[in-house]
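Features of the protein shown, as given by Swiss-Prot:
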type	residues	note
LIPID	20	S-diacylglycerol cysteine
LIPID	20	N-palmitoyl cysteine
SIGNAL	1-19	signal peptide
TRANSMEM	34-54	transmembrane segment
TRANSMEM	58-78	transmembrane segment
TRANSMEM	131-151	transmembrane segment
TRANSMEM	162-182	transmembrane segment
TRANSMEM	201-221	transmembrane segment
TRANSMEM	223-243	transmembrane segment
């Protein structure tokens, strides 16, 4: 639950930073603001430069740059997943401590301190840093949000088309939003075993939100979501699902 709280805090921080300069105006080298100058514009420039190399295809540019960013962030994602697995391995002992000292508001302040002390000792003995899984998010989220704004605010993208859709308009056939929703569902579902029961509702909420957004926002964003989701599905299979399968086979 604390990890989820940190994620929310990070999103709010990045959103506040973005709000200082991301007013929806087209992004250029002259656009002012730290967020614009150091995050959004560089990615906008990369999108335009890659499109120039691909005969002016901004659709292919979005695909290539999305994959490039995901590859760049891959080591951080792997580190985060290793941390999650380490915390998951400690879950039985952590739950035993919670049971030992009582739950939530029923817990005496002194018992709370004792439990925290034992938890810290458990982390230290196991070589686990409970914050290690959150640290990569401080890098990943700003980059992915900056890329989102770069797509939205690179004015020239809206003037181009790709396959059957205009990048600056919603998909008229609703194919991209639906595919984005399906791939989002598959991606979250593949790691649902890591979620507690209260958080599993996100499996169904996120895809619906993506579909609704995809129906109203430019197709360039839906394309970005689809490509990013497909990359994450492949990554998750090899770094999480396949790992769990091998671990199960070894235990047999």
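Using the three backbone atoms N, Cα and C, a Cβ is placed for every residue, glycine included.
Within the chain, the transmembrane segment (201-221) has long-range Cβ neighbours (under 8 A, six or more residues past its boundaries) at 58-59, 62, 148, 151-152, 157-158, 162, 165-171, 174, 176-178, 180-182, 184-185, 188-189, 192, 195. Between the transmembrane segment (162-182) and the transmembrane segment (223-243), the number of CB pairs under 8 angstroms, six or more residues apart, is three or more, so the stretches are in contact.
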